[in-house]
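> The feature signal peptide is assigned by Swiss-Prot to 1-21. The region 'Disordered' feature in Swiss-Prot is assigned to 64-89, 137-174. The compositional bias 'Low complexity' annotation in Swiss-Prot covers 73-84. Taken from Swiss-Prot, the feature N-linked glycosylation site applies to ASN81, ASN97, ASN144, supported by sequence analysis. According to Swiss-Prot, the feature region 'Lysyl-oxidase like' maps to 213-417. Here Swiss-Prot flags CYS238-CYS244, CYS291-CYS340, CYS324-CYS330, CYS351-CYS361, CYS398-CYS412 as disulfide bond. What Swiss-Prot records for HIS292, HIS294, HIS296 is Cu cation binding site, and it gives sequence analysis as the kind of evidence.
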Amino acid sequence: MRFAWTVLLLGPLQLCALVHCAPPAAGQQQPPREPPAAPGAWRQQIQWENNGQVFSLLSLGSQYQPQRRRDPGAAVPGAANASAQQPRTPILLIRDNRTAAARTRTAGSSGVTAGRPRPTARHWFQAGYSTSRAREAGASRAENQTAPGEVPALSNLRPPSRVDGMVGDDPYNPYKYSDDNPYYNYYDTYERPRPGGRYRPGYGTGYFQYGLPDLVADPYYIQASTYVQKMSMYNLRCAAEENCLASTAYRADVRDYDHRVLLRFPQRVKNQGTSDFLPSRPRYSWEWHSCHQHYHSMDEFSHYDLLDANTQRRVAEGHKASFCLEDTSCDYGYHRRFACTAHTQGLSPGCYDTYGADIDCQWIDITDVKPGNYILKVSVNPSYLVPESDYTNNVVRCDIRYTGHHAYASGCTISPY
């Protein structure tokens, strides 16, 4: 029984040995064996220097060859083996250095140079760079010929810069930074700048002026909210410090509970020019008013007069109003860039400097004025301290009917005088 199991196990093994060890047939030829390849030589891959010591990283592996395009003009039948034997170098460029001269060769010149090996074109690439634009830019640089009115091709990696502007001078640039005020050139995210080659009329900052400002007072704003109010001298102490009352309010016999009659009216001035309206006084000479807690940047921004309707004679002393200039509001598409601070004061193009009728010094003291018909004259930039493109729209005249207790304004218009 044990012998039978041994025969069954050794039988297949002997059969396999006979099959593998049998000599090949006469018609079959065994391919010759190639000698083993010699081990690759050590090649230097990376070398660097640190603290005066040179380090090298050696490897037996093959050198990495990045993928590159084959020049269409160099594709010649039968040249595959020759090109495979040529050493390849890593691609380290970012543009295509092929010139346009190869494209404009004549048939004769191409025939002469057919036997010469053409240099392999190196293709330079970078993320975000267009290959077609790179070829066009390379061709224009190689030809070195540009039409008189033609602008050379520019890379799309960097937009063209303006020559007449300064760096960071665009008021619509969201990354513009100013050490004076973080809200200077404030960029409104809800109002994107319109694309186009021309700048909008609001372009202009303190560094780069585009034309001149043009102040215009709103006559309808004055007419809508003119009224009479009585206030005690106790509540007018801050206004008295800024000389906002009539001369009779500064007499020695005036007491705190005495009342003054005030003709109140609002004012809204718009800069419809193409440049910023900046204060006439330099920043170091601005006056700080502790009572109102702000700086006055102009000696006389507005002037108020009450004239007799028949004789045009002044019946109430005019008031010099030196305000804190700022962009209270702006038209759609324009942005606030000035605030009533110690650093930035002014009026941007397309913006308004608004003063309500309830603030201090926005009035004329009419305590000594009798009832009758008068003319309210409001002048903006009356002394022409700041240059403007048009001075004929700086005055507003309104007809005032004063009853002794109430005042009614009508017929407010812009006047040249």
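Keep in mind that glycine also has a Cβ here, set from the backbone N, Cα and C atoms.
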> If I take the alpha carbons of HIS294 (Cu cation binding site) and CYS324 (disulfide bond), what is the distance between them in whole Å?
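About 7 Å separate the Cα atoms of these two residues.
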> Nearest to CYS324 (disulfide bond) in three-dimensional space, by Cα, is which of the recorded positions CYS244, HIS296, CYS361?
HIS296
> Centre the Cβ atoms of HIS292, HIS294, HIS296, go out 8 Å, and tell me which other residues of that chain have a Cβ in range of the Cu cation site.
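My list of surrounding residues reads GLU287, TRP288, HIS289, GLN293, TYR295, PHE323, CYS324, CYS340.
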> Find, for the listed disulfide-bonded residues CYS330, CYS340, CYS351, the residue with the lowest Cβ contact count at a 10 Å cut-off, counting only other Cβ atoms.
CYS340
> Are there disulfide-bonded residues among CYS244, CYS340, CYS398 that sit within 10 Å of HIS296 (Cu cation binding site), Cα to Cα? If so, list them; otherwise say none.
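Taking CYS244, CYS340, CYS398 one by one, the ones whose Cα falls within 10 Å of HIS296 (Cu cation binding site) are CYS340.
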> Counting other Cβ atoms within 10 Å, pick out the least crowded of the disulfide-bonded residues CYS291, CYS398, CYS412.
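Across CYS291, CYS398, CYS412, these disulfide-bonded residues, the one with fewest Cβ atoms within 10 Å is CYS291.
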> What's the number of neighbouring CB atoms sitting within 10 A of the CB on CYS324 (disulfide bond)?
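Looking across every protein chain shown, the total is 23.
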> Which of these disulfide-bonded residues is closest to CYS330 (disulfide bond) if you go by CA atoms: CYS244, CYS351, CYS412?
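Minimum Cα distance from CYS330 (disulfide bond) across CYS244, CYS351, CYS412 lands on CYS351.
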> Would you mind sorting out which of CYS340, CYS361, CYS398, CYS412 (the disulfide-bonded residues) have a C-alpha within 10 A of the one on CYS238 (disulfide bond)?
CYS361
> Looking at the disulfide-bonded residues CYS238, CYS244, CYS361, which one has the fewest other Cβ atoms within 10 Å of its own Cβ?
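CYS238, out of the disulfide-bonded residues CYS238, CYS244, CYS361, has the fewest neighbouring Cβ atoms within 10 Å.
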> Using a 10 Å cut-off on CB atoms, tell me which of the binding-site residues HIS292, HIS296 is the least crowded.
HIS292
> Nearest to CYS398 (disulfide bond) in three-dimensional space, by Cα, is which of the recorded positions CYS244, CYS291, HIS292, CYS351?
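Closest by Cα distance to CYS398 (disulfide bond) among the recorded positions CYS244, CYS291, HIS292, CYS351: CYS244.
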> Average pLDDT across the region 'Lysyl-oxidase like' (213-417)?
89
